[in-house]
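See structure below.
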Amino acid sequence: MLNILLQYAPNWTEHITWLVVVAFIFAFFVSYGMGANDSCNDWGPAVGAGTVKLYQAYILSGILNVAGAVLLGYKVVETLRTGIIEFNIFDVYAQYNHTSHAYDTVDHCGNATLVGGWKAPDILPGAAPVECAKYTSIDFMLTQTASLAGVAAFMILSSCYKIPVSATHAIVGASVATSFYIRGNVGIKWDEIIKIVVSWFISPVIAGIFAGGLYYIVKFSVLIRKDTFKWALRLCPIFMCFTLVVNLYACIYDGSKYLGLDKLNALEALLLSVAIGVAGWAILTFPLKNWLPNRAKRLYDKETIKMQKRVESGKAPKGSKITDMREPEVADNIKELPWYKYLWAYVPEDRLTKKVFNTLQIVSSSMLSFTHGANDTGNTISPLLAIWLCYESGYAFGNAETRDDTQLLLGYGSLAMIVGFVTLGHRTIKLLAHEMTIDMSPISGFCIEVGTAFTVLVCVKFGIPISSTHCTVGAVVFVGMAKSTSEGVSFATFRKICFFWVLCFPMSAIIWNWNHHGASAVPLSR
């Protein structure tokens, strides 16, 4: 128990307004750090491939992250807020003492117990005293605030050093450290922790297999053909249909209650997703049949002019500082190899063909940005939501899904993420786009983003707070190997990232512990 002097009277939260303000500040920097780090997963491949400019990524990320957080983020908030610790270990009971006219802390006080649900101003002067009430103890609020401080410091420092890490990973580590320090081993749902930790290692493999498999499909259906541009135009509408169906089904099924999507069953959600996907196929096949090749040629010509100007000015292309990856050699008869050799042979991507996939990558990046808002914003806001509910009602673990202020907090987290992405995100984008794989193109970027979005959205449906960072890094590595075996992937960079992943959990707990000691001796008025 923390060294706190506090009487749990019905208006006890009036004395800790300062703590809520501090929690909001730290929560801002947690979301800021996530925006500077995790948001780069959404648009790093697209910026690296030249599909969108950095300022365009800022605008699209801002719109789609907020939409995903507000419409779907409340689902993941519940998992992290109530799913990893038995919250009743932080319950405290206060019974009114008619002799001293004060509230005494007791072990239990029977069935006539008021459990939160009120605000301090609701207790009117002269009203009959509340005989007994159950609250969430003040030590929970203090340790959650210290957790936010530790995670914020870890995320921002990682972003400064261009290391893509998981805020979800850090928050779970700090939350477990909180409970373990205050209540010991009691109340920690170790089975849930194990499932979450296992998902962190499985998710990059799943995302990588899916993304790498999609790249092989593109490789065999488009890249080894003689007329790759023609085949790209033929298959682009099909890829668009597939992208829309996969992403929209994951969003629609058990989707946002604000749009009424939670009332649709699995079949209805699938039919609606397929209908929209087929509509996307039809639009690209018929009304935009000429628009797609014309756009690709226009982008190709614009890029050619820039390349010519660069050559005329004498500017040499910048070489990569990463020494353990290189451009693989191309076989002389690359279009005449036996089919099985294409599993490891490097097939160059035609510049004009890559421009066809430019459109697909914009859609896939947008879908990934939406899912990032749905999954990761909820993760960062979970501790703040618990603190806010405790301040508002005295109890941190009431039902949050039906409260309007939950959406306001998710919006607050989204705005902080946007600020972090705009001010510091370019550093992590550089690593994902140029320092892990030799050639980030619209084709490989499209495969990476679809694989990541598919994995993240499926896990969101099951309420598993996975890391989109892990999924993206896994997809980058697998697609890089499918594209050019091991020559085009920097495994030194990958090992460095994995090392920080392992440190993420304990480091957040250590930083929490350091912050906690600063908070544990703070006295509050009785």
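Even glycines carry a Cβ here, placed using N, Cα and C.
Taken from TrEMBL, the feature transmembrane segment applies to 16-35 (among others).
According to TrEMBL, the transmembrane segment annotation covers 55-74 (among others).
Annotated transmembrane segment per TrEMBL: 194-217 (among others), in sequence order.
Long-range Cβ contacts of the transmembrane segment (229-250) within its own chain (Cβ-Cβ under 8 Å, at least 6 residues beyond either end) map to 218, 221-222, 269-270, 272-274, 276-278, 280-282, 284-285, 292-293, 296, 350, 352-353, 356-357, 359-360, 363-364, 367, 370-371, 446, 450, 453-454, 457-458, 460-461. As annotated by TrEMBL, transmembrane segment applies to 229-250 (among others).
What TrEMBL lists as transmembrane segment is 270-288 (among others). Long-range contacts of the transmembrane segment (270-288) within the same chain, counting only residues at least 6 positions beyond its ends with a Cβ under 8 Å from a Cβ of the stretch, are 236-238, 240-245, 248-249, 252-253, 264.
Positions annotated as transmembrane segment by TrEMBL: 409-429 (among others).
Among the features that TrEMBL reports, transmembrane segment is placed at 441-460 (among others).
Annotation comment: TrEMBL describes 497-514 (among others) as transmembrane segment.
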_Which residues of the chain, 6 or more past the ends of the transmembrane segment (441-460), have a CB below 8 A from one of its CBs?_
41-42, 45-46, 48-51, 72, 75-76, 199, 203, 206-212, 214-215, 218, 223, 239, 243, 246-247, 250-251, 349, 353-355, 357-358, 360-361, 364-365, 367-368, 371-372, 374-375, 466, 468, 471-472, 475-476, 478-480, 483
